[in-house]
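J.: Sharing the features that TrEMBL gives for it:
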BINDING   8, 11, 20, 27  [4Fe-4S] cluster binding site
BINDING   221, 245, 289, 387, 415, 440, 474, 476  hybrid [4Fe-2O-2S] cluster binding site
MOD_RES   387  cysteine persulfide
Ligand code: SF4
Ligand code: SF3
């Protein structure tokens with residue numbers, strides 16, 4: 001590794017399917033931000049090791065670890081100053097904790113050592129680090145709603161410390177699966193935070209048409225931010241549209257009650273530079289996936305939470321955790337929105353999508369589903385979930401879903417669904433053939449549904465007529481995948497490419513133990529799953 005060149009291979013679009021090593025990553029992350037993120041990660045390791053040496057943690061450190069890990073997820077933070085500010089706070093807290101406990105603060109870890117380690121050790125450490133980065137995003141969203149889990153926070157410390165202290169496959173391999181185990185707890189925590197605050201999602205039809213008049217587009221995963229925007233837009237004449245992973249918000253009773261929450265704007269995250277180009281409205285990014293905004297709409301993009309991009313307005317919370325979105329609302333009113341309704345469509349030409357088939361909603365009609373299986377009306381379930389991205393091979397997921405037989409049901413989570421969620425695949429006995437379970441963290445819900453089906457049929461999940469077809473892009477997909485492996489789910493198809501950070505030996509372990517394999521041809525894969 002050359003000193004003045006970045007090294008990052010944490011996402012699916014990494015350069016040449018190997019690593020981003022130039023002046024900037026494919027995602028637009030400049031090398032100095034990549035360095036700053038490596039430094040922040042090294043500081044988190046130093047803090048974690050100091051906590052272990054001190055024999056105690058602090059709430060401040062727990063929060064900084066979650067913030068620091070989440071900040072390094074792809075398409076979250078492009079602002080070196082913002083990353084450096086967290087690093088400084090991490091070091092301060094490390095020194096404070098060390099002084100309080102009367103121990104020496106442990107040095108930060110230079111991350112370059114991890115990236116240049118033997119490829120199997122590097123691979124396992126990458127799976128652990130990227131997995132906990134993804135998990136931290138879920139812990140963050142739960143935390144802002146007042147929910148934490150000590151086991152989750154303690155695990156971040158253990159896993160971060162292990163990046164410096166462990167170097168054997170025998171230790172790192174089980175730790176990798178433990179990321180999946182703890183992430184299940186973390187997704188359950190977020191599920192209870194979201195449903196506790198906003199109710200159990202209910203099936204909801206979401207229009208893709210944009211009504212005349214001023215509006216705001218809200219992107220990302222954070223429901224609390226959306227709630228604040230909905231509260232503050234009440235009575236202002238400003239409508240609100242979801243974008244990307246915010247789509248499932250429409251299913252939550254305490255969010256859908258706002259009449260100005262009108263529909264969903266646009267398609268998948270990677271189309272934002274095209275779709276936001278002429279938009280007469282502001283856009284708020286609450287999490288990934290933010291792409292570097294084009295000059296044509298840069299003055300209309302706002303960030304909040306850990307999302308940051310130089311020169312964009314960042315909306316911070318006050319001492320009470322409240323955020324003031326009045327500047328966004330004012331700009332929406334000034335821009336005025338469209339004068340006539342815009343009949344936008346999904347990528348397949350559909351005018352509406354549905355969401356809200358949470359585990360609560362699906363288990364509510366479990367009897368109907370079980371009867372349909374017993375009568376042979378439903379013969380197979382597919383979980384087609386995960387991230388979207390720009391790679392052409394991702395058409396596979398559209399082709400796959402289009403070709404699923406009429407007696408099958410597709411459960412979906414995360415933003416990859418924009419490839420097919422506007423398709424009208426009809427219903428089976430009133431049950432839609434595409435069930436949108438929610439955001440990527442709602443993979444928890446998909447697991448609950450699969451487990452309930454297995455219980456109803458008195459078998460294991462792997463014995464069900466159920467196949468997993470996953471797409472990955474960023475690090476949340478890594479922790480979700482590790483959760484599925486921890487649960488013993490076999491024969492997952494993964495694409496569009498396999499992670500660059502999985503070494504041939506580690507891949508062999510995954511293939512031998514779990515039968516995981518790359519996606520191939522949609523119809524051939526489908527035939528194999530139905531055989
Ligand atoms: Fe490259 Fe992905 Fe890292 Fe961005 S996040 S620098 S695209 S590997
Ligand atoms: Fe999507 Fe960016 Fe991963 Fe929550 S929003 S799934 S890619």
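Keep in mind that glycine also has a Cβ here, set from the backbone N, Cα and C atoms.
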J.: Looking at the binding-site residues listed here (8, 11, 20, 27), whose Cα lies nearest to that of residue 440 (hybrid [4Fe-2O-2S] cluster binding site)?
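T.: Answer for the nearest of the binding-site residues: 11.
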J.: Between residue 27 ([4Fe-4S] cluster binding site) and residue 476 (hybrid [4Fe-2O-2S] cluster binding site), what C-alpha distance do you get in Å?
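T.: Per the Cα atoms, residue 27 ([4Fe-4S] cluster binding site) and residue 476 (hybrid [4Fe-2O-2S] cluster binding site) stand 16 Å apart.
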J.: Using the Cβ center of 8, 11, 20, 27 as the [4Fe-4S] cluster site position, which other residues in that chain lie within 8 Å, going by their Cβ?
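T.: In sequence order, the nearby non-listed residues are 9, 10, 13, 14, 15, 25, 26, 29, 34, 74.
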J.: Taking a cut-off of under 6 Å between Cβ and any atom of ligand 2, tell me which of the binding-site residues 8, 11, 20, 27, 245, 289 pass.
T.: 245, 289
J.: Using C-alpha positions only, work out which of the binding-site residues 8, 11, 20 is nearest to residue 221 (hybrid [4Fe-2O-2S] cluster binding site).
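T.: Comparing Cα positions, the candidate nearest residue 221 (hybrid [4Fe-2O-2S] cluster binding site) turns out to be 11.
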J.: Restricting to the same chain and to sequence separations of six or more, state which residues have a Cβ under 8 Å from that of residue 11 ([4Fe-4S] cluster binding site).
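T.: Expected: 27, 74, 473, 474, 475.
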J.: Would you list, in sequence order, the residues of this chain other than 221, 245, 289, 387, 415, 440, 474, 476 that have their CB within 8 A of the centroid of the site's CB atoms, where the site is the one recorded for hybrid [4Fe-2O-2S] cluster?
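T.: The surrounding set, listed in chain order, is 244, 269, 287, 288, 414, 439, 473, 477.
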J.: According to DSSP, collapsed to three classes, what secondary structure does residue 476 (hybrid [4Fe-2O-2S] cluster binding site) have?
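T.: Going by the DSSP assignment, residue 476 (hybrid [4Fe-2O-2S] cluster binding site) falls within a helical segment, counted as helix.
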J.: Please report how many Å separate the Cα atom of residue 415 (hybrid [4Fe-2O-2S] cluster binding site) from that of residue 8 ([4Fe-4S] cluster binding site), as a whole number.
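T.: Given the Cα positions, residue 415 (hybrid [4Fe-2O-2S] cluster binding site) is 23 Å from residue 8 ([4Fe-4S] cluster binding site).
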J.: Looking only at 387, 415, the binding-site residues on record, which one has the least crowded Cβ, with the fewest other Cβ atoms within 10 Å?
T.: 387
J.: For residue 440 (hybrid [4Fe-2O-2S] cluster binding site), name the DSSP secondary structure in the helix/strand/coil scheme.
T.: helix
J.: Can you tell me which of 8, 11, 20, 27, 387, 415, our binding-site residues, come within under 6 Å of ligand 1 at the Cβ?
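T.: With ligand 1 as the reference and 6 Å as the Cβ limit, the list reads 8, 11, 20, 27.
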J.: Using a 10 Å radius around its CB, how many other CB atoms surround residue 440 (hybrid [4Fe-2O-2S] cluster binding site)?
T.: 27
J.: Helix, strand or coil at residue 245 (hybrid [4Fe-2O-2S] cluster binding site), per DSSP?
T.: helix
J.: State the count of C-beta atoms found within 10 angstroms of the C-beta of residue 474 (hybrid [4Fe-2O-2S] cluster binding site), not counting that atom itself.
T.: 27
J.: Roughly how many Å separate the Cα of residue 20 ([4Fe-4S] cluster binding site) from that of residue 289 (hybrid [4Fe-2O-2S] cluster binding site), to the nearest whole number?
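T.: Residue 20 ([4Fe-4S] cluster binding site) to residue 289 (hybrid [4Fe-2O-2S] cluster binding site), Cα-Cα distance: 18 Å.
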